[in-house]
Amino acid sequence: MSEKKKFYITTPIYYPSAKLHIGNTYTTVASDALVRFKRLQGYDAFMLTGTDEHGQKIQRIAEDKGITPKAYVDEIVAGIKDLWKMMNISYDKFIRTTDEEHVKAVQKIVKKFYDNGDIYKSAYEGWYCTPCESFWTETQLVDGKCPDCGRPVEKTKEEAYFFKMSKYADRLIKYIEDHPDFIQPESRKNEMLNNFLKPGLQDLCISRSSFDWGIPITFDEKHVIYVWIDALSNYITALGYGSDNDELYNKFWPADLHLVGKDIIRFHTIYWPIMLMALDLPLPKQVFGHGWLLVDGGKMSKSKGNVVDPVVLINEFGTDPVRYYLLHEIPFGSDGLFNNEIFIKKINSDLANDLGNLVSRTAAMIEKYFDGSIQPPVDKEEIDNELIDMAISLPEKLDEDIKKLKIPEALDHIWDLIKRANKYIDETTPWVLAKDENKKARLGTVLYNLVESLRFVATTLTPFLPETGEKIKTQLNIELDTWESLSAFDGTRAGTKVSKGEVIFPRIDVDKKIEELNKLKEEQLKATRKMQPLKPEISIDDVDKLDLRVVKVLECEPVKKSKKLLKLKVELGGEERQVLSGISQFYKPEDLIGKKVVLVANLKPAKLMGQLSQGMILAVATDDDSKLYTLDIPEDIPTGSIVR
């Protein structure tokens with residue numbers, strides 16, 4: 001017997017600073033669907049997920065709660081595992097970066113970097129974003145904030161170890177160019193090459209000495225290992241790399257697919273490959289950066305408070321409707337919208353009307369006309385061939401779709417068969433055949449073809465919607481559900497008993513359910529909504545230091561290579577100034593030209609994205625940063641006027 005093909009897929013390991021949201025669920029459900037599909041095809045497949053538990057942010061949250069970091073993450077991790085159980089995630093291993101085996105392996109990895117001369121000790125001085133666990137230079141900041149998440153950064157200076165990233169940059173560029181599928185989609189590959197690698201890599205800070213919640217460096221224990229070095233190593237330490245038990249590593253590495261969100265693809269396609277090169281290990285075969293789930297047009301984020309709780313959706317609608325929406329409605333590789341109304345309408349149209357109706361009608365007719373017993377297909381006609389051919393060709397189409405990570409298209413192909421089977425019922429009119437005793441054999445053949453088509457549907461749908469696939473198999477008493485069995489349209493045994501059972505997907509009153517969800521969301525917001533804490537008290541002398549002036553916007557244009565910055569030329573009492581402002585997500589340049597706004601006029605000039613900014617435009621934002629408004633000034637107030 002030949003050895004099974006191997007398949008190793010990973011999700012990111014999630015940062016347990018709070019409960020996970022539907023965006024995190026998306027990555028994990030997609031990975032689960034892919035690994036289940038490979039198992040169906042007979043692969044020896046392994047799925048890894050887990051949690052990234054170290055770092056300054058976790059330590060601060062735990063301190064605020066008066067508990068240890070480990071106690072805090074233990075509680076969050078339990079919730080994550082419960083969520084994956086609810087979502088029917090079939091992972092093979094859940095790694096925690098606090099696991100002893102991982103800690104020891106990471107220490108060995110860093111020691112090897114040190115022994116090979118890849119890291120050195122120096123001092124770091126710059127800006128640090130605690131939520132992102134990222135370091136930034138002055139020129140990389142946007143309006144003095146983190147360019148990734150837009151939150152405040154802290155000035156930090158401390159002794160640290162650095163990795164010589166530039167040593168491997170040319171080698172990585174060549175590897176990416178020689179392996180066009182290594183980074184996908186194509187747009188992500190181009191971004192990594194043109195925005196990060198080719199302009200030149202800076203050495204990476206890989207340790208911290210200002211806090212202690214992390215893995216200690218064995219040869220300098222006042223340092224803990226920077227969280228990304230710790231986290232990225234999980235993909236090999238989970239398999240036993242660096243331990244005495246490395247059987248899984250030898251079996252499954254290199255990974256076939258790292259599936260990650262586009263916001264962390266830089267770490268997975270630059271830092272991680274360079275780490276592997278330094279360790280003289282093979283690189284993963286592919287890193288795929290999917291898009292974001294957007295709510296009301298904006299990115300979903302725990303910090304913004306606009307997250308969709310998957311537990312609420314599961315409790316209201318069940319697991320498979322949530323999986324279906326995520327897998328089918330989000331273009332894989334692009335951003336997608338999560339919307340309650342679209343979600344419920346898709347349940348009604350695709351799951352209840354198309355699939356649920358087909359199963360119910362088929363089972364009901366077999367019960368009604370043949371006492372629940374499937375008849376042999378002895379009276380075939382030409383009209384049967386299109387349905388049969390579509391079923392037989394389905395596995396090959398799905399195989400091609402999954403190889404290219406076209407998950408929505410794979411579900412489309414399954415639904416093509418579902419819709420064709422529904423049309424087949426209308427074409428063959430079983431209820432008319434049932435009235436003619438001489439047509440009983442033909443009626444039995446039609447119903448056999450429907451059950452056999454549903455065998456193809458149930459078998460291929462199970463990786464994507466596990467509960468639904470199993471329910472169909474149970475109702476129709478499907479016994480043969482292997483990939484090999486899909487090579488022929490004859491896997492249903494005549495004489496098999498079927499039972500109609502419960503409706504798989506009841507229809508939902510859209511307006512009523514949306515109203516219920518909106519009320520539930522408002523209650524949750526009320527429970528969590530808090531005013532931002534006031535800043536420390538200042539004196540009137542501090543207020544007097546601010547020079548707030550009315551200015552008029554003369555010109556405005558986007559800043560190249562920035563998603564947030566606009567460059568404004570403003571007039572201040574006869575003087576012209578250039579100001580950069582991070583408001584491009586809220587204003588088009590043409591909307592600002594001619595407006596009078598408020599400027600902090602005596603702010604020390606600074607360079608942002610390499611361009612001079614002589615002041616700061618004042619604006620007010622909602623708590624979740626989803627909306628922002630400049631302070632508009634009446635036209636009759638002259639520029640240069642003091643705002644008191």
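Including glycine, each Cβ sits where the backbone N, Cα and C put it.
Per Swiss-Prot, Zn(2+) binding site is recorded for CYS129, CYS132, CYS146, CYS149. Positions annotated as ATP binding site by Swiss-Prot: LYS302. The feature domain 'tRNA-binding' is assigned by Swiss-Prot to 542-644. According to Swiss-Prot, the motif ''HIGH' region' annotation covers 14-24. For 299-303, the entry in Swiss-Prot reads motif ''KMSKS' region'.
Sequence features annotated in Swiss-Prot and their locations in the structure.
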residue : record              : CB count, 10 Å
CYS129  : Zn(2+) binding site : 21
CYS132  : Zn(2+) binding site : 19
CYS146  : Zn(2+) binding site : 20
CYS149  : Zn(2+) binding site : 18
The domain 'tRNA-binding' (542-644): mean pLDDT?
88
Those same-chain residues, other than CYS129, CYS132, CYS146, CYS149, found with Cβ within 8 Å of the centroid of the Zn(2+)-site Cβ atoms are THR130, PRO131, SER134, TRP136, LYS145, PRO147, ASP148, GLY150, ARG151, VAL153
